[in-house]
Each structure stands twice: as structure tokens, then as C-alpha cells.
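Structure, as C-alpha cells:
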Amino acid sequence: MSNVHLISHPLVQHKLTLMRRKDASTSTFRTLLNELSNLMAYEVTRDMPLQDIEVETPLETTTGKIIDGKKLVLVSILRAGNGFLDGFLNVVPGARVGHIGLYRDPETLSPVEYYFKMPQEMQERDIVIVDPMLATGNSAIAAVDRLKQLKPRSIKFVCLLTCPEGVAALQKIHPDVAIYTAAIDRQLNEHGYILPGLGDAGDRIFGTK
Ligand SMILES: O=P(O)(O)OC[C@H]1O[C@H](OP(=O)(O)OP(=O)(O)O)[C@H](O)[C@@H]1O
Ligand SMILES: O=c1cc[nH]c(=O)[nH]1
Ligand SMILES: [Mg+2]
């Protein structure tokens, strides 16, 4: 699959397996997601552009390299995306943050938007969308559709878990959007849940079921 980055680092795979366990508590699930998002953020930001700056060490002046974190916008798809956000902000603390509120209608599996708030001057920014789950792909496609209207420089989509159906759907409509994931599971079930998956990410993060 082109434009799909599978993050196979052993620490990522280990933590993902612990998160899948049905008896993982809310607190364990949330802690693992936070740790995982730190690790995944390293991979996702690997190609961030660097600038040269002059820096004075205690001994002499030299040229160092820095990133411009302000050009990066992390866009969280509410609610579950917020569980992913903190780890990214740990790695790039200067990043701007946007929020899109979307929930899946349980009957139609179509996304319903209830919130949208982005930073200014999106044409100058690179977007990283974060959401733990890419299932049918409907939510991700709706988010990218909406964000492309703002003409950002680039868009990446980061999830913890996806399936062949979700990857194919997002890539068909938005082939330019790189997908980063820790696993591509077997399939979707008839209710749009990923198998074997980890259940409902939002409910597990926030303890709502
Ligand atoms: O690829 P899709 O089939 O669209 O499914 C993925 C979406 O489902 C979950 O959100 P959910 O609708 O459960 O909302 P929540 O985060 O508020 O729980 C998940 O966090 C994604 O946003
Ligand atoms: O398996 C799934 C599919 C969509 N949303 C989730 O939280 N889990
Ligand atoms: Mg949910």
C-alpha cells in the first residue's frame, strides 16, 4: 500500500497489544495511549523541515538546527483524538491545535460534525490529524474534506489502528494524505468495528461504557 506508514517499533507493538486486552482498565488504557502517542509522534515528525540558527555554547558560536513547531497544526478528531493529542504535544510543544467534533451515526456510520475550530493562517501550515481509529474511513474523509477547504500545505493522518477497508477508502478519495498507523487489522464487522481491534476507543479512553 502506497503512502501508508506502518510503525512497527517493538515498543509500539507491545503497548498496542496491552491496550487490546478487554480487561485493561480505563486508567491503563489511557496511560498506554499516551505513551504510544509519544512514540508514534517521533515517526510522524521524522521529515519535519529544519532551519539553521546561530547558537552560543559556553565555548563558542556555532550553527544548530531547529524546527518551527508553530507551522505544525495537530488536529484532533473529538472525542477519541484527544487521547492521542498529549503525546504529540509532548514531542512538539509549540504546535498549534485544531479540533473537529465528529461522531459516527450508529445506524448509517456517517460522521456528524458538531464542532470545528482551527488556528488562523492555515495556508501556511502542515496538518497532522490524530484519531486512534480509522474504521470505515468516513470520519477521516469528512475531516480531510473540511480541512482541504482551508488549503493547508500538507495533511497527514495518524491512527493507532486501522483495517484494509479504512485504508482503501481514505486513499481512494485522498491519495495525497499519508496514513501512519501501528497496525492494520483483519476487517470490519457489520457494525463498523475493527476486528480484532480494541473496541470503542472513545468509550475506553473516557470510561463512558
Ligand atoms: O472510520 P470511521 O468508521 O468513521 O470510525 C472511526 C471513528 O469512530 C470513532 O469515533 P466515534 O464516532 O466513536 O466518536 P467518539 O470519539 O466521540 O467516541 C473514532 O474515534 C473515529 O473518529
Ligand atoms: O473499532 C472501532 C471502530 C470505530 N471506532 C472505534 O472506536 N472502534
Ligand atoms: Mg466512540
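Along the chain as shown, residues are numbered 1 onward.
Cβ coordinates come from backbone N, Cα and C, glycine included.
TrEMBL labels come from automatic prediction, so no person has curated them.
Now, the feature entries from TrEMBL:
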DOMAIN    7-208  domain 'Phosphoribosyltransferase'
BINDING   Arg79, Arg104, Asp131, Pro132, Met133, Leu134, Ala135, Thr136, Gly137, Asn138, Ser139, Asp200  5-phospho-alpha-D-ribose 1-diphosphate binding site
BINDING   Ile194, Gly199, Asp200, Ala201  uracil binding site
Checklist entry - Do you know offhand how many angstrom separate Gly137 (5-phospho-alpha-D-ribose 1-diphosphate binding site) and Gly199 (uracil binding site) by C-alpha? => result 16
Checklist entry - Just the number: how many Å between the Cα atoms of Ser139 (5-phospho-alpha-D-ribose 1-diphosphate binding site) and Asp200 (uracil binding site)? => result 14
Item to check | Position of peak Cβ density within 10 Å, selected from the binding-site residues Gly137, Gly199 | outcome: Gly137
Checklist entry - Within 10 Å of the Cβ of Ala135 (5-phospho-alpha-D-ribose 1-diphosphate binding site), how many other Cβ atoms can be counted across all chains shown? => result 26
Checklist entry - Once Ile194, Gly199, Asp200, Ala201 are set aside, which residues in the chain still have Cβ within 8 Å of the Cβ centroid of the uracil site? => result Pro132, Met133, Leu161, Tyr193, Gly197, Leu198, Gly202, Asp203, Arg204
Checklist entry - Given Arg79 (5-phospho-alpha-D-ribose 1-diphosphate binding site) and Gly199 (uracil binding site), what distance in Å do their CA atoms have, once rounded to a whole number? => result 15
Checklist entry - Given the binding-site residues Arg79, Met133, and counting only Cβ atoms in the protein chains shown, which has the most within 10 Å of its Cβ? => result Met133
Checklist entry - What subset of the binding-site residues Ile194, Asp200, Ala201 lies within 10 angstroms of Ala135 (5-phospho-alpha-D-ribose 1-diphosphate binding site), using C-alpha positions? => result Ile194
